[in-house]
Amino acid sequence: MALARCVLAVILGALSVVARADPVSRSPLHRPHPSPPRSQHAHYLPSSRRPPRTPRFPLPLRIPAAQRPQVLSTGHTPPTIPRRCGAGESWGNATNLGVPCLHWDEVPPFLERSPPASWAELRGQPHNFCRSPDGSGRPWCFYRNAQGKVDWGYCDCGQGPALPVIRLVGGNSGHEGRVELYHAGQWGTICDDQWDNADADVICRQLGLSGIAKAWHQAHFGEGSGPILLDEVRCTGNELSIEQCPKSSWGEHNCGHKEDAGVSCVPLTDGVIRLAGGKSTHEGRLEVYYKGQWGTVCDDGWTEMNTYVACRLLGFKYGKQSSVNHFDGSNRPIWLDDVSCSGKEVSFIQCSRRQWGRHDCSHREDVGLTCYPDSDGHRLSPGFPIRLVDGENKKEGRVEVFVNGQWGTICDDGWTDKHAAVICRQLGYKGPARARTMAYFGEGKGPIHMDNVKCTGNEKALADCVKQDIGRHNCRHSEDAGVICDYLEKKASSSGNKEMLSSGCGLRLLHRRQKRIIGGNNSLRGAWPWQASLRLRSAHGDGRLLCGATLLSSCWVLTAAHCFKRYGNNSRSYAVRVGDYHTLVPEEFEQEIGVQQIVIHRNYRPDRSDYDIALVRLQGPGEQCARLSTHVLPACLPLWRERPQKTASNCHITGWGDTGRAYSRTLQQAAVPLLPKRFCKERYKGLFTGRMLCAGNLQEDNRVDSCQGDSGGPLMCEKPDESWVVYGVTSWGYGCGVKDTPGVYTRVPAFVPWIKSVTSL
């Protein structure tokens with residue numbers, strides 16, 4: 001019995017030793033330590049098959065314990081099966097070939113080469129550590145092979161010191177940003193000296209990001225705030241990590257954070273663009289990616305807006321089209337033609353275009369671009385878009401520039417023909433250029449981007465002239481600058497005067513458009529060549545506009561008698577201007593002529609509106625007073641007692657009067673219908689006489705009327721022979737554009753005998 005007890009004690013002691021020496025023999029559900037509470041940094045299973053979840057870093061290697069997320073044990077692993085390379089701060093993340101592992105959540109669902117074991121439990125994990133998912137073999141990971149395809153490989157668990165931690169900061173996505181390294185316990189940046197696309201290739205490879213690697217300079221993604229860790233990085237592009245590249249020692253540099261380096265690793269998808277064949281990263285032949293192949297873009301219909309969109313998508317703010325001959329040749333397919341962008345696209349293939357591969361071009365027509373960064377606050381980069389708006393043709397208009405995503409205007413302070421020469425040169429025009437000020441082509445509606453622009457006239461682009469900060473100004477849109485390119489001055493000679501005089505009256509020698517003073521719109525220059533204005537001479541004022549008038553011949557002007565009520569009929573107090581368009585801008589066809597004689601109808605009384613008509617004789621020898629030209633021509637007189645409602649059509653009023661907001665600086669025009677005599681009598685009762693007529697649109701939403709500044713101006717109607725006849729002189733009315741109160745005009749046909757007796761016309 002004693003012997004049996006001894007044998008039993010020996011057996012139990014042996015089993016106890018074995019149990020203590022082999023904890024693996026316990027049930028896999030047994031935990032030798034108390035289970036810790038759940039944490040956002042750990043994921044728990046009732047077995048050791050799933051590795052702990054860790055927060056994702058771009059390359060999660062070697063982070064000090066104080067800054068590492070807590071990693072808790074999930075159980076014991078047999079020492080004969082290495083489930084992962086290293087532990088804690090030295091986990092492995094490269095194959096035994098030295099190629100970086102892909103993140104588990106970046107592996108596509110379909111693979112050409114199957115891995116050694118199921119990896120379903122790792123699918124979607126936000127890290128790239130080597131693992132043996134089923135615990136049955138060596139740790140492995142996915143990587144991208146030399147052909148760019150996803151493959152798998154075993155990991156080298158003795159890979160030594162971990163690579164530096166890298167992250168991208170300040171970009172719009174995880175594929176771009178300022179490059180930052182983690183070294184000696186803190187994040188820091190890289191100086192952009194020698195920084196190029198080869199360096200970007202290595203960074204993208206080390207991060208496990210595929211696609212187009214592009215280097216960025218001058219703190220493109222913003223300035224960092226930590227130390228500058230590296231300088232003079234000179235990778236060949238074939239290295240597996242930045243550690244393998246020639247570079248400065250850690251912490252050695254001669255830079256500031258304005259030179260922080262950045263990269264973008266753009267995924268290769270259809271519509272991605274790049275610049276190729278240039279001497280730098282910001283210039284080259286424009287190429288677009290489609291179905292696994294790069295191709296070029298034909299320049300048919302290419303515009304500045306297309307350039308802006310392409311450069312913006314490439315990360316720049318502006319650009320200009322460059323000759324493709326400046327860049328290396330291409331034997332790639334021509335993918336796109338007839339591209340037209342609106343400026344709002346977020347992908348190049350959102351621009352209007354032909355179908356992929358449809359074109360009628362050769363590579364001599366490939367689009368070449370040079371892109372530029374944003375303004376630095378003092379000047380704009382060459383090539384930012386400019387345009388001319390609201391001119392009569394594409395060679396003239398209000399100057400607008402595209403800055404920070406918005407079209408805006410330029411203030412006309414100091415604006416001269418030298419500025420116009422630069423604008424026209426940038427737009428490709430080589431002829432004479434003329435500046436226009438005071439919103440000559442109308443007021444813009446966007447921001448005012450520039451003021452106090454200074455040009456010598458020799459600059460290639462407006463950007464070279466800008467001296468004041470973008471957006472700083474002390475102007476309103478009434479001071480918007482404009483230009484006329486390829487300007488041709490056409491003044492009539494004396495022989496030309498005789499030709500025009502002999503050819504008759506009421507001729508419009510320039511193109512016309514019929515738009516609608518209240519309810520009206522700007523006229524074209526020269527569209528109403530008989531339009532004149534009566535002005536005060538400086539002895540009585542500042543030469544300001546008093547009334548409109550109508551040129552009847554080189555020496556006679558028709559206007560309203562009430563225009564002389566305030567300042568009398570002394571001819572030396574007045575001047576007449578003809579050929580005018582913008583009241584504040586001197587123009588080549590404009591003439592200001594003194595007054596020799598004022599003839600007011602003898603029946604006119606200042607306290608009444610009847611007989612409101614006057615004639616003005618201009619100063620000049622014989623019958624040569626105003627020089628006639630395409631912009632200065634006489635109107636025709638009607639027949640005596642002619643009834644314009646039956647013989648005329650297409651009637652217009654013109655002038656610089658009240659537009660509903662203010663007095664206009666540019667000549668206004670408005671189409672108005674002549675109204676029946678009975679209608680006018682009903683509205684104005686005894687105030688309306690047989691020597692008057694009324695006209696105007698009476699609808700609530702379409703009222704057009706002449707106002708105070710247009711007094712004395714013409715009411716013109718077109719005859720069937722296309723000559724224009726003055727049927728009315730703007731006289732009076734109840735306000736401007738008031739409902740059911742049309743403008744009243746002196747009926748010119750009733751005064752034809754008197755006009756001819758005074759003027760001998």
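The backbone N, Cα and C atoms fix where each Cβ goes, and this holds for glycine too.
In Swiss-Prot, the annotation region 'Zymogen activation region' applies to 505-516, one of the ranges 133-144, 337-348, 505-516. Between CYS371 and the candidates CYS311, CYS351, CYS411, CYS424, Swiss-Prot annotates a single disulfide bond, the one to CYS311. Swiss-Prot lists a disulfide bond between CYS298 and one candidate from CYS235, CYS245, CYS351, CYS361; that candidate is CYS361. Broken down by DSSP into helix, strand and coil, the domain 'SRCR 2' (273-373) contains 19 helix, 35 strand, 47 coil.
Among the disulfide-bonded residues CYS245, CYS255, CYS298, CYS465, CYS651, the residue whose Cα lies closest in space to that of CYS130 (disulfide bond) is CYS245. Among the disulfide-bonded residues CYS341, CYS465, CYS636, CYS717, not one has a Cα within 10 Å of the Cα of CYS101 (disulfide bond). A C-beta separation below 8 Å, combined with a sequence spacing of at least six in one chain, links CYS485 (disulfide bond) to LEU388, LYS395, GLU396, ALA420, ILE423, CYS424, LEU427, TYR429, GLY431, ALA433. Of all Cβ atoms in the shown protein chains, 19 besides its own fall within 10 Å of the Cβ of CYS636 (disulfide bond).
With the fewest other Cβ atoms inside 10 Å of its Cβ, the least crowded of the disulfide-bonded residues CYS505, CYS547 in this structure is CYS505. Remark: CYS191 (disulfide bond) has ILE228, LEU230, ASP231, GLU232, HIS253, ASN254, CYS255, GLU259, ASP260, ALA261 as non-local neighbours, by Cβ distance under 8 Å and separation of at least 6 in sequence. DSSP assigns CYS245 (disulfide bond) to coil in the three-state reduction, placing it in neither a helix nor a strand. The disulfide-bonded residues recorded for this entry are CYS155, CYS361, CYS465, CYS563, and the Cα of CYS155 lies nearest to that of CYS245 (disulfide bond).
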